[in-house]
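Asks: Pulled these features from Swiss-Prot for this protein:
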| type | residues | note |
| --- | --- | --- |
| BINDING | Cys67, Cys68, Cys133, Cys162 | [4Fe-4S] cluster binding site |
| REGION | 201-224 | region 'Disordered' |
| COMPBIAS | 203-212 | compositional bias 'Basic and acidic residues' |
| COMPBIAS | 214-224 | compositional bias 'Polar residues' |
Amino acid sequence: MKYTLTRIDPDAPVERYPQEQRQTVDDPLAQEATRGIMMGRLEEVLKDTVNWGRKNSLWPYNFGISCCYVEMCTAFTSPHDVARFGAEVIRASPRQADFMVIAGTPFIKMAPVIQRLYEQLLEPKWVISMGACANSGGMYDIYSVVQGVDKFLPVDVYIPGCPPRPEAFLQALMLLQDSIGKERRPLSWVVGDQGIYRPQMPAEKERKRGERINVTNLRTPDEI
């Protein structure tokens with residue numbers, strides 16, 4: 001599996017992903033396994049254990065911009081029970097959260113605020129873009145709206161819809177958990193940048209294309 005190595009570069013010029021450099025590399029564990037089967041296997045078990053704890057205790061930052069935030073809050077009610085995914089502990093400060101959801105329209109005036117809040121998140125941190133406005137600007141193709149938060153933030157999961165249903169938010173959490181379970185982060189006490197290895201997850205549209213092409217009996221909207 002190919003991985004994307006992300007490194008922090010404070011001196012980098014302002015680009016699409018500020019303060020980050022990305023490159024495609026091979027699985028780092030495969031390289032470590034050549035040193036010895038025992039040590040390679042032990043490191044793999046340790047990484048899987050740490051990732052299991054991270055993906056099952058995701059604390060979201062309580063932050064909303066527009067109407068998609070209402071659907072996000074609905075996912076925290078008892079009919080949907082987001083606590084099943086360990087993401088019910090909403091934090092009022094980004095310094096105590098694991099990920100943030102950009103739920104709403106990212107106006108240009110809000111972009112510096114969103115970026116500042118993202119920088120206050122402690123590593124490891126993730127971003128979910130929720131709704132058409134956050135993904136691509138939606139119907140607001142105007143001067144005052146950023147055409148997608150990925151213009152100034154690294155996004156891990158995109159949720160389509162205007163607005164998305166709460167079930168879509170829960171699916172995004174499961175996709176994020178799947179991605180976190182395959183991440184490779186350094187297991188050492190060294191303070192400083194050592195890089196983050198993230199798997200290249202396929203788009204759901206591409207993953208389900210074959211299944212959708214093979215459908216012969218189309219269901220009506222009330223049956224979906």
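Cβ coordinates are placed from backbone N, Cα and C, and glycine is handled just like the others.
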Asks: For Cys133 ([4Fe-4S] cluster binding site), which DSSP three-state class applies?
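Replies: Once the DSSP labels are grouped into three classes, Cys133 ([4Fe-4S] cluster binding site) ends up as helix.
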Asks: Looking only at the compositional bias 'Polar residues' (214-224), how are its residues distributed among DSSP helix, strand and coil?
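Replies: In the compositional bias 'Polar residues' (214-224), the DSSP-based counts are 3 helix, 0 strand, 8 coil.
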Asks: Whose Cβ lies within 8 Å of the mean position of the Cβ atoms of Cys67, Cys68, Cys133, Cys162, the [4Fe-4S] cluster site, other than those residues?
Replies: Ser66, Ala103, Gly104, Thr105, Met130, Gly131, Ala132, Ala134, Gly138, Gly161, Pro163, Pro164
Asks: List the helix, strand and coil residue totals of the compositional bias 'Basic and acidic residues' (203-212) as derived from DSSP.
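Replies: Split by secondary structure, the compositional bias 'Basic and acidic residues' (203-212) comes out as 8 helix, 0 strand, 2 coil.
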Asks: Can you check what DSSP calls Cys162 ([4Fe-4S] cluster binding site), collapsed to helix, strand or coil?
Replies: coil
Asks: On the three-state reduction of DSSP, what should I expect for Cys68 ([4Fe-4S] cluster binding site)?
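Replies: The residue in question, Cys68 ([4Fe-4S] cluster binding site), is helix (DSSP, three-state).
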Asks: Let's check the environment of Cys133 ([4Fe-4S] cluster binding site): how many other CB atoms sit within 10 Å of its CB?
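Replies: A count of 28.
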Asks: Tell me which of the binding-site residues Cys67, Cys68 sits in the most Cβ-dense spot, judged by other Cβ atoms within 10 Å.
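Replies: Buried the deepest by this measure is Cys68.
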Asks: Starting from the Cβ of Cys162 ([4Fe-4S] cluster binding site), draw a 10 Å sphere and report how many other Cβ atoms land inside it.
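Replies: Here the count is 12.
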